[in-house]
Amino acid sequence: MSWHPQYRSSKFRHVYGKAASKDKCYDCVPITHNINDNYFCAVNPSFIAVVTECVGGGAFLVIPIKQTGKLDPHYPRVCGHKGNVLDIKWNPFNDFVIASCSEDTTVKIWDIPNQLLKRNITTPKKELVGHTRRVGLIEWHPTADDILFSSGYDYKIMIWNLSVLGTVLSKPVKILDAHKDVVLSMSFNTNGSLLATACRDRKIRVINPRAGTVLQEGSYKSHRVNKVLFLGNMKMLFSTGTSRWNNRQIALWDQNDLSVPLLEEDLDGSSGLLFPVYDSDTHMLYVVGKGDGNIRYYEINPEKPYLNYLMEYHSHLPQKGIGMMPKRGLDVGACEIFRFYKLIPTKSLIEPISMIVPRRSESYQADIYPLTAAAQPALTAADWLAGIDKEPLLVSLRPRSEAVMSPPQLPDQEPLTEDTDQSQQQESQGRLSVEDKQKPREIEHSRKRLKVYESLPENQQMCLSNGFDMFECPPPKTESELLQMYYRQQEEIRRLRELVIQKDIQIKQLSLELRNLCTHTDD
């Protein structure tokens with residue numbers, strides 16, 4: 001009979017939200033009053049973009065991330081749309097390219113200069129013309145370069161290849177017409193091979209976007225879905241919506257069986273939408289309420305109980321929309337694991353909210369910052385359209401660390417031929433940094449240590465620190481997985497060295513105090 005502890009041990013159990021001071025907020029920003037259920041804000045480490053009120057067409061502001069304080073009322077705008085802007089998204093691989101969609105049925109791609117805007121931007125880099133009704137949602141592909149998805153009120157999802165020459169594109173590479181009503185939400189899995197959608201017909205669909213086929217479709221009478229989200233590679237979906245009694249509700253689904261939710265929970269009786277945000281690095285799920293100032297956050301587990309409530313951030317200022325900073329833009333020195341940008345139209349204010357893990361040490365905490373997705377595409381648009389899937393490239397958040405490595409291969413892939421293995425090894429070696437190529441002895445040494453570790457009896461095996469548990473994670477089977485383990489061990493060694501240095505300093509201080517004490521005693 002197994003014993004389960006009453007309290008879970010978690011590094012993120014005490015995470016708390018901290019609002020920025022007034023001088024680090026963005027004040028006097030004319031935030032849109034549009035009633036659409038979108039985020040209306042997009043953030044990257046260089047800029048913050050927010051949909052704004054505009055007379056005669058649609059516009060949005062692009063503000064440098066460090067330009068806080070009061071905004072000039074005559075600050076230039078991006079205003080090339082003829083209708084209200086409904087959604088904006090930054091290119092995940094280029095901080096100076098942003099996409100926008102509008103009620104004028106078009107999607108536009110904009111180049112943002114690497115300097116302070118001095119005049120309005122009215123000419124887009126590309127214009128995508130294909131929808132017959134207003135376009136409500138856009139999403140960039142998470143691993144392929146220049147692939148953009150758009151969803152309109154014509155019930156169609158269009159896939160665009162932006163690497164095609166021309167400023168006006170009227171022919172998408174693929175049209176998904178599996179929906180019979182308006183699509184309310186779109187979400188990709190980690191490598192972008194699957195697309196999950198929530199539709200106004202109350203159905204959740206999992207679609208193969210290249211083939212255009214619906215792999216799973218389901219609806220539940222007691223859950224009217226509004227937003228849906230892939231939970232990384234955990235084979236689960238998370239959705240927010242309302243119950244039959246109009247209570248705000250969350251639900252967890254098996255990706256391969258949408259007939260009945262794994263978990264269903266009513267939150268409260270408010271009428272505002274719930275925006276779900278998932279951090280696949282820390283397995284933390286944030287639920288942001290529209291129309292209130294609360295942010296609930298949970299920890300996701302692959303086994304029951306799937307959802308573990310951590311805490312809730314409270315604020316008396318209601319939010320209309322929300323923006324999320326990518327992980328590469330966080331302040332790792334302050335143990336910041338996530339950052340929201342809260343839109344408060346009643347105050348014309350954008351307020352950053354940092355989610356912080358309380359730690360005493362001011363050094364880099366490697367255990368709360370695993371390797372995260374880099375700002376580099378894993379494959380080209382042509383490769384993805386040809387049927388190739390790759391996991392995102394990974395990068396360390398340690399300061400002054402710029403090495404990008406290829407992700408580990410999935411264990412459930414089919415065995416490849418010897419020629420293909422050799423070509424993939426050459427390709428992965430080509431992506432590694434020069435520093436990694438200079439350390440073959442250390443990698444071989446890690447291999448030998450793993451073999452010795454596997455030969456030990458169970459009662460003598462020890463778990464690796466730095467958040468890597470050998471009882472939960474299998475030994476590495478590929479070169480990439482071995483490199484990932486090697487990086488974690490190196491980070492742990494650096495952390496231990498820093499601790500040793502701190503202890504040496506403390507020892508010296510104590511010895512000086514002891515010497516002074518002895519001197520005073522002799523006197």
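Glycine is no exception: its Cβ is also placed from the backbone N, Cα and C atoms.
Record features (TrEMBL):
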type	residues	note
DOMAIN	5-69	domain 'DUF1899'
REPEAT	78-112	repeat 'WD'
REPEAT	128-163	repeat 'WD'
REPEAT	176-217	repeat 'WD'
REGION	402-444	region 'Disordered'
COMPBIAS	433-444	compositional bias 'Basic and acidic residues'
Long-range environment of the repeat 'WD' (78-112) - Cβ separation under 8 angstroms, sequence gap at least 6: 32, 34, 36, 38-47, 49, 51, 54, 57-62, 120-129, 131-140, 142, 145, 148, 150, 152, 160, 162, 326, 373, 375-377
DSSP-derived helix, strand and coil totals, residue by residue, for the repeat 'WD' (176-217): 0 helix, 22 strand, 20 coil
Within the repeat 'WD' (128-163), residues counted as helix, strand or coil by DSSP: 0 helix, 20 strand, 16 coil
Integer mean pLDDT for the repeat 'WD' (176-217): 95
Residue distribution over DSSP helix, strand and coil in the repeat 'WD' (78-112): 0 helix, 22 strand, 13 coil
Tally of residues which DSSP labels helix, strand or coil - the domain 'DUF1899' (5-69): 3 helix, 24 strand, 38 coil
